[in-house]
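For 1-25, the entry in TrEMBL reads signal peptide. The annotation disulfide bond is assigned in TrEMBL to 34-49. TrEMBL lists 63-211 with the feature domain 'Cupin type-1'. Look at TrEMBL and you will find 108, 113, 118 tagged as oxalate binding site. The Mn(2+) binding site annotation in TrEMBL covers 111, 113, 118, 157.
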C-alpha cells in the first residue's frame, strides 16, 4: 500500500506538472478566427478581433507574393511581407510568410527575427546562406532552387546571391509578426544613436570611422 509520504510525493509531482503546463504551454485558440483590428482604440499585446459579422474571405487573402519585388537598391534585395499587417486573418494563428528577391550580388544583411524561426524555400537561383549560434559558430551552405534552409529563432543570419542571375525565396515564420532587426542598423543607425566611444571600443576602430559608418547607414536628407 502507498504510504502518506508516497501519496504526498505523487501529489507534489502532479501539482508541479500542472502548474508548469500553465507557464510553458502555448494556449489553444478559444475561437475559430480573430481577424485583426490594426488600429484599436486601446493598445494590447497583438491585435483585438473584428466582429465575426464584419469579416470576409478577403481578410484571409493576399496576392502580393506573385510578382518579384524591385531590387534596384543599395543592397540589391527586396522583402515582400505577408504577415498580419497584410493578412488580417493571420492574427493569433502564429504563422506568416515573405517573398525575398535578390539581384545578382544582392545581400539580405545579417539580421535576426526575435519572435520566430524562419524557413526558406528557394524558388529560383542560388544563394549562400548562414546563421551564427551563441558559441559564434557559423553554419553556412549554398542552396539552390527546390532546396530548404532553416534559421533558428533569434540567431543572426544572412543570405547573399553570389550568382550572375536573380534569385528568389519564399520564407515561412512561426509567428504572425516575426520582427526584423538588422545588426548594422541597430548598432550604427539607432535613435538616439549609441555613443561613438561604445562602438569604437567594441569594434576596436577609431571614432572617425564610427562616424563614417553612421553617416553611410543613417537617413539621407
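One-based numbering along the chain as shown.
Quick reminder: no glycine exception, Cβ is built from N, Cα and C everywhere.
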Do you know offhand how many angstrom separate residue 49 (disulfide bond) and residue 118 (oxalate binding site) by C-alpha? 26
108, 113, 118 excluded, remaining Cβ within 8 Å of their centroid (oxalate): 98, 111, 112, 120, 151, 157, 171, 173, 178, 180
Using DSSP, what is the helix/strand/coil residue split across the domain 'Cupin type-1' (63-211)? 22 helix, 58 strand, 69 coil
Which has the fewest other Cβ atoms within 10 Å: 34, 49, the disulfide-bonded residues listed? 49
Calculate the per-residue pLDDT averaged over the domain 'Cupin type-1' (63-211) and state the result as an integer. 97
Can you give me the Cα-Cα distance between residue 108 (oxalate binding site) and residue 34 (disulfide bond) in Å, rounded to a whole number? 32
So what sits near residue 157 (Mn(2+) binding site) in its own chain, CB-to-CB under 8 Å and at least six residues off in sequence? 110, 111, 112, 118, 129, 130, 131, 132, 151
Checking the binding-site residues 108, 111, 113, 118 for other Cβ atoms within 10 Å of each Cβ, the smallest tally belongs to 111
Neighbourhood of the Mn(2+) site (111, 113, 118, 157): other residues with Cβ within 8 Å of the Cβ centroid, in order? 112, 131, 151, 155, 156, 178, 180
Distance check, please: Cα of residue 113 (oxalate binding site) against Cα of residue 34 (disulfide bond), rounded to an integer number of angstrom. 24
